[in-house]
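Undergrad: Pulled the feature table from Swiss-Prot, pasting it below:
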type	residues	note
BINDING	30-33, K51, 87-91, G415, 479-481, D495	ATP binding site
Amino acid sequence: MSAKDVKFGDSARSKMIAGVNVLADAVKVTLGPKGRNVVIDRSFGAPHITKDGVTVAKEISLKDKFENMGAQLVREVSSKTNDIAGDGTTTATVLAQAILNEGIKSVTAGMNPMDLKRGIDIAVKTVVENIRSIAKPADDFKAIEQVGSISANSDTTVGKLIAQAMEKVGKEGVITVEEGSGFEDALDVVEGMQFDRGYISPYFANKQDTLTAELENPFILLVDKKISNIRELISVLEAVAKTGKPLLIIAEDVEGEALATLVVNNMRGIIKVCAVKAPGFGDRRKAMLQDIAILTGATVISEEVGMSLEQATLQDLGTAHKITVSKENTVIVDGAGDAAAIAERVQQIRAQIEESTSEYDREKLQERVAKLAGGVAVIKIGAATEVEMKEKKDRVDDALHATRAAVEEGVVAGGGVALVRAVNALEGLKGANEDQTAGINILRRAIEAPLRQIVANAGDEPSVVINAVKNGEGNFGYNAATGEYGDMLEMGILDPAKVTRSALEHAASVAGLMLTTECMITDIPEDKPAAPDMGGMGGMGGMM
């Protein structure tokens, strides 16, 4: 076991705060509409330019191990806020730095750190309740557009794209961000249910120009097993052939004699058919087959519930308005399933999302909800260079998360105004003793920090603006982009309540832990002896 370096009291805290300040100073220059860029060197490729606080925070690692501990703790603030709300990482870092720097003055003056932390916690609870009470619902797409624009550093085109995407696929729909191939941003929307499985054989394609199989008003057969024997399918095929409608078969696999017979019948025009592998694996495949069944009004033919393929009838098949199958994807548009059954299935999956502890599982369940409830929208980012593309993608990701948070918990006045207004909720609030009251006052001063930083980044005088905003009422605040005062909601400067709340809660939590730290321990690096010179190889004499 290697030897440890141990620091106590003020010497430990001063090192930790030095690390916090290095990271926070690097992150906070990105805050606000006139936030600056941070250029990050890469060991390979071009440098990365970003205005995203969490990206900057993740890049910072300090040589001094005690300082690095402080930096990593405050980095946790931005990461946690990013995980919960998807945005507000810079605000959280600025708040953590302000609470810590205010708090350390009181600790140095001899106050009890535990009581200070209790006071900070009391104040945070009061401010969070205040934010929740003043939040306005973000129902209309105008509000969504404004939130998206603000979060993307006042880029209105990004806000419009996100609002359009949400309008198309609904607030529950899946919206993904990808790097595009052109200069302009674009929005692609896939309506209906799409899954990443294409036709089993290219001979099923009936549109040779696009190499897709398009089926109008088809029957849909869902089978939870491999099909290799054509005899199992004959009764269903004959029944469908009599109707003259096409047939889509979704099964674990279709192979051998069964596949060959389907291909031949399709090519001869006896029956228009296409076979596709079921999406997912194991239990997830069973669940997704059930989703498709509910969406299309079909019954999954499964031996687990005592159903055999030979006994399947037209009543067991689902239908849809149109199905398009390409080499890699299948899209089912306008399934004929019962609307009430679909809504019930969506509720069921949402309940599973609430219970799930795995981020991956939650993401997959959310995708299933979107496929049942709406569709999938893809925002394709356009840019002139790869560096610009990556920077823009960071901003669009932030904006997308912010709009989701706004839909969830509503919006408050942006630009740090909601926090400054929350000071009024702390008027007359006292703790159980003087030290706790001092903790409440620490937060009272610290929550001005985001507005101060936004103003400083815009090149204006923070104290003048803070006083002007404090003298105003309601949503009155300062628009750093234009240098004007006015109603923040009317000017379209909104922040999601969830982002503001999460930033404050996580900042206060980590800052409180740092204030109550009395000892820090780290490894002493071992001085490894230099490797000895390599001796010459024997037996090599006489070579020219």
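Glycine too: its Cβ is placed from the backbone N, Cα and C atoms.
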Undergrad: Who sits close to A480 (ATP binding site): which same-chain residues at least 6 apart have their Cβ under 8 Å from its Cβ?
TA: G32, P33, K34, G415, I454, V455, N457, A458, D460
Undergrad: Only counting partners 6 or more residues apart, tell me which same-chain residues put their Cβ under 8 Å from the Cβ of D495 (ATP binding site).
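TA: Expected: G88, V147, I150, A402, V411, V412, A413, G414, G415, A418.
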Undergrad: Among all the protein chains here, how many other CB atoms are within 10 A of the CB of G415 (ATP binding site)?
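TA: Around the Cβ of G415 (ATP binding site), 26 other Cβ atoms lie within 10 Å.
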Undergrad: For A480 (ATP binding site), name the DSSP secondary structure in the helix/strand/coil scheme.
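TA: SS state of A480 (ATP binding site) = coil.
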Undergrad: For each of T30, T90, count the other CB atoms within 10 A of its CB; which of these binding-site residues has the top count?
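TA: Compared across T30, T90, the most Cβ atoms within 10 Å surround T90.
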Undergrad: Tell me the Cβ neighbour count for G88 (ATP binding site), meaning other Cβ atoms within 10 Å of its Cβ, over all protein chains shown.
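TA: The Cβ of G88 (ATP binding site) has 32 Cβ neighbours within 10 Å.
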Undergrad: Measuring CB to CB from K51 (ATP binding site), give everything in the same chain under 8 Å that is also at least six residues away in sequence.
TA: T30, G35, R36, N37, V38, N153, E391, D394, R395
Undergrad: Report, as a single number, how many Cβ atoms besides its own are within 10 Å of the Cβ of G32 (ATP binding site).
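TA: Total other Cβ atoms inside 10 Å, all chains included: 27.
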Undergrad: Check T90 (ATP binding site) against DSSP and tell me helix, strand or coil, would you?
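TA: Once the DSSP labels are grouped into three classes, T90 (ATP binding site) ends up as helix.
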Undergrad: So, in DSSP terms, is K51 (ATP binding site) helix, strand, or coil?
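TA: In three-state terms, K51 (ATP binding site) counts as coil.
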